[in-house]
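*Asks:* Pasting a structure here, questions to come.
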Amino acid sequence: MEKVLVLLLVSLLAVAYAAPGPRGLIINLEDGEICLNSMQCKSRCCQHDTILGIARCTHKAMENSECSPKTLYGIYYRCPCERGLTCEGDRSIIGAITNTNYGICLDSRRSKQ
């Protein structure tokens, strides 16, 4: 019995020591990796081009790029804007459900001047 416990402990230590670094398998995913939800991505944007397309982590939208203000499902057709930008566009309940509320990323500080 003691030998089994020692073997189990050694096995657990070996698995814990061999665990990958900061690059994740389920969370902390880099751009281009397959994702199921935006919370898995370092960039916080999991995007797919079509409803049947494979979703991948990608960078957030830059200024004057198409964007989605929010998603109900955690996967975007267009990523939200980078920090400091706002997604200006039409918003509707149907668009929120179908994930088609698109806009353009604008710098609100620059547009007020």
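For all residues, glycine too, the Cβ spot is worked out from N, Cα and C.
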*Asks:* Based on the record in Swiss-Prot, give the one of C67, C79, C81 in a disulfide bond with C45.
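*Replies:* Swiss-Prot annotates a disulfide bond between C45 and C79.
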*Asks:* Of the candidates C41, C67, which does Swiss-Prot name as forming a disulfide with C57?
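*Replies:* Looking through C41, C67, the record in Swiss-Prot gives C41 as the partner of C57.
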*Asks:* Look up C57 (disulfide bond) in the DSSP assignment and report helix, strand or coil.
*Replies:* strand
*Asks:* At the Cα level, what's the spacing in Å between C41 (disulfide bond) and C35 (disulfide bond), rounded?
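*Replies:* Distance between the two Cα atoms comes out at 7 Å.
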*Asks:* Between the Cα atoms of C57 (disulfide bond) and C45 (disulfide bond), find the distance and write it as a whole number of Å.
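*Replies:* Cα-Cα, rounded: 6 Å.
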*Asks:* Quick one: which of these disulfide-bonded residues, C35, C67, C87, have their CA within 10 A of C81 (disulfide bond)?
*Replies:* C67, C87
